[in-house]
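Let me begin by presenting the structure, written as structure tokens, before commenting on it.
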Amino acid sequence: MMGAEKAEGMEELELEEGGGSPSPSPMTAAGKMQALDFEHIGSLAAVAESLSTGSKWRRALTSVRVVILQAKINVLLPFGPLAVMLHYLSANHQGWVFLFSLIGITPLAERLGYATEQLALYTGPTIGGLLNATFGNATEMIISLYALKNGMIRVVQQSLLGSILSNMLLVLGCAFFAGGLVHPSRDQVFNKASAVVNSGLLLMAVLGLMFPAVLHFTHSEVQYGKSEVSLSRFSSCIMLVAYASYLFFQLKSQRSLYSPIGEQEEEVTEDEEEEKEITQGEAICWLFVLTIWISILSGYLVDAIQGASESLNMPVAFISVILLPIVGNAAEHASAIMFAMKDKLDITLGVAIGSSTQISMFVIPFCVVIGWIMGQQMDLNFQLFETATLFITVLVVAFMLQEGTSNYFKGLMLILCYLIVAASFFVHVDPDSSNNK
């Protein structure tokens, strides 16, 4: 037995010396470890990819919840598809198509303002100002472009005019009234210097609208029907340059002029550091989606204006000046009242008067230039009745703002002025209404 064990030991020794040992070599072990590492890394990559995909889906669902489900006003969203269905099911219900489209656009306009604010949180003040100038009145601009494409020039003029009147009288009046009721023991204060600058721009806009109207109705044109269009196009280019200069003045050159006064500065700084509820890419995607959906509904809305006027027994001027701007200004209306109740009148003025300035100095001239490109005779001749209404409104609001204070009585006066304007357009017969049929 001992001899056999020795023989086996000698054989194992010979195998090891001859290189035929079945034990693993160092190279083979390293290869196995490398393969194991690659498998481990591959499994980690797969897990990471799976987690990333799941995270993207969760992020998308969160974005939908924040933008669509979180706002209570979005209960009105189904009215949009109902308007589209009703348009194709029956041609005899244009009044309902108009009303449903009007209601359906309201939450979209509010959410468009929200997406713009979220995107502005990721940009600097200059780009943020340009975003507000572009998307702040995007609803009015889209409706106007659709009407302009269909040759409904008076609808374009009246809807933009109505948006200015609504912001200056109804939105600002409700904000002053609500703020005064919440703070009844004292007058609320705001930055008078910025209000004076905006009032000057609004008076410049009135100047640009007044001369084509006066030129037309005094029959003092060099070429009847052509000179006012040429003057309007030239004035529109000048107004666009003036608005661009205003943006530079506000955002770069004289930023201190627009800083809040008193104790509002610290509060506004805290509010400006609000949470970024959606990412920059999501904000851009939502801007695109909401703009497309507003564009679709705007087409049905514009097509139904004439039929709605006949079925509802309302003048087209009243629909264009009063009803359409209320939808476009839904976001401004809510935010202006909210900031006034929080005693932040500078933000309220930036929303209400700033929006009026954007429309008068940017949107209206922009529509004239676009109409020029389209071959439409869009001009700044808003007729004497509309131009006089705008002129008186600007004067009233300028007097209200000259002291730099507000209270509930000033707000009440502005609201009552708007009711008078609304009643005036309800009984007003547009001399050019036949052009829009």
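Quick reminder: no glycine exception, Cβ is built from N, Cα and C everywhere.
Note that this is a predicted model, so its numbers are computed, not measured.
The feature topological domain 'Cytoplasmic' is assigned by Swiss-Prot to 1-65 (among others), with sequence analysis given as support.
Residues or ranges marked as region 'Disordered' by Swiss-Prot: 1-29.
The transmembrane segment feature in Swiss-Prot is assigned to 66-86 (among others); the stated evidence is sequence analysis. With a threshold of 8 Å between CB atoms, the same-chain residues lying at least 6 positions outside the transmembrane segment (66-86) that come near it are 93, 96-97, 100-101, 103-108, 110-111, 114-115, 277-278, 286, 293, 296-297, 300-301, 330.
The feature transmembrane segment is assigned by Swiss-Prot to 89-109 (among others). Within the chain, the transmembrane segment (89-109) has long-range Cβ neighbours (under 8 A, six or more residues past its boundaries) at 71, 73-83, 139, 290, 293-294, 297-298, 300-301, 304-308, 310-312, 319, 323-324, 327-328, 330-331.
With helix defined as DSSP H, G or I and strand as E or B, the topological domain 'Cytoplasmic' (110-126) counts 13 helix, 0 strand, 4 coil. According to Swiss-Prot, the feature topological domain 'Cytoplasmic' maps to 110-126 (among others).
Feature annotation from Swiss-Prot assigns transmembrane segment to 127-147 (among others).
Beyond its flanks by at least six residues, the region 'Cation selection' (136-171) meets 105, 108-109, 112-113, 116, 202, 291, 294-295, 298-299, 301-303, 305, 316-317, 320-322, 324-329, 332-333, 336, 351-356, 358-360, 362-364, 366-367, 370-371, 374, 376-378, 382, 386, 389-390, 393-394, 396-397, 414-415, 417-418, 421, 425, 430, 432-433, 435-436 of its own chain at Cβ-Cβ distances under 8 Å. Per Swiss-Prot, the feature region 'Cation selection' maps to 136-171 (among others); the stated evidence is sequence analysis.
Among the features that Swiss-Prot reports, topological domain 'Extracellular' is placed at 148-161 (among others), with the record citing sequence analysis.
The transmembrane segment annotation in Swiss-Prot covers 162-182 (among others).
The topological domain 'Cytoplasmic' feature in Swiss-Prot is assigned to 183-194 (among others). Helix, strand and coil counts from DSSP across the topological domain 'Cytoplasmic' (183-194) read 3 helix, 2 strand, 7 coil.
Look at Swiss-Prot and you will find 195-215 (among others) tagged as transmembrane segment, backed by sequence analysis.
The topological domain 'Extracellular' annotation in Swiss-Prot covers 216-228 (among others).
Residues or ranges marked as transmembrane segment in Swiss-Prot: 229-249 (among others).
The annotation topological domain 'Cytoplasmic' is assigned in Swiss-Prot to 250-281 (among others) on the grounds of sequence analysis.
Per Swiss-Prot, the feature transmembrane segment maps to 282-302 (among others).
Annotation source Swiss-Prot lists topological domain 'Extracellular' at 303-310 (among others), citing sequence analysis. Through the fold, the topological domain 'Extracellular' (303-310) approaches residues 87, 94-95, 97-99, 101, 147, 150, 152, 155, 316, 319-320, 436-437 of its own chain, all at least 6 residues removed from its boundaries and within a Cβ separation under 8 Å.
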Between the transmembrane segment (311-331) and the transmembrane segment (409-429), are there three or more C-beta pairs closer than 8 Å, counting only pairs 6 or more apart along the chain? yes
By DSSP assignment, list the helix, strand and coil residue numbers for the topological domain 'Extracellular' (148-161), in that order. 11 helix, 0 strand, 3 coil
Would the transmembrane segment (229-249) count as touching the transmembrane segment (380-400), if touching means at least three Cβ pairs under 8 Å and pairs must be 6 or more apart in sequence? yes
Most Cβ pairs under 8 Å with the transmembrane segment (380-400), selected from 195-215, 353-373, 409-429: 195-215
Arithmetic mean of per-residue pLDDT over the topological domain 'Extracellular' (303-310): 85
If one takes Cβ-Cβ under 8 Å and requires six or more residues beyond its ends, the residues near the transmembrane segment (195-215) are 164, 168, 221, 227-228, 231-232, 235-236, 238-239, 242-243, 246, 249, 257, 349, 353-354, 356-357, 360-361, 364-365, 379-384, 387, 390-391, 394, 397-398, 401-402, 404
Long-range Cβ neighbours of the topological domain 'Cytoplasmic' (401-408) (under 8 Å; 6 or more residues past either end): 176-181, 184, 187-192, 195-196, 199, 340, 345, 349, 353
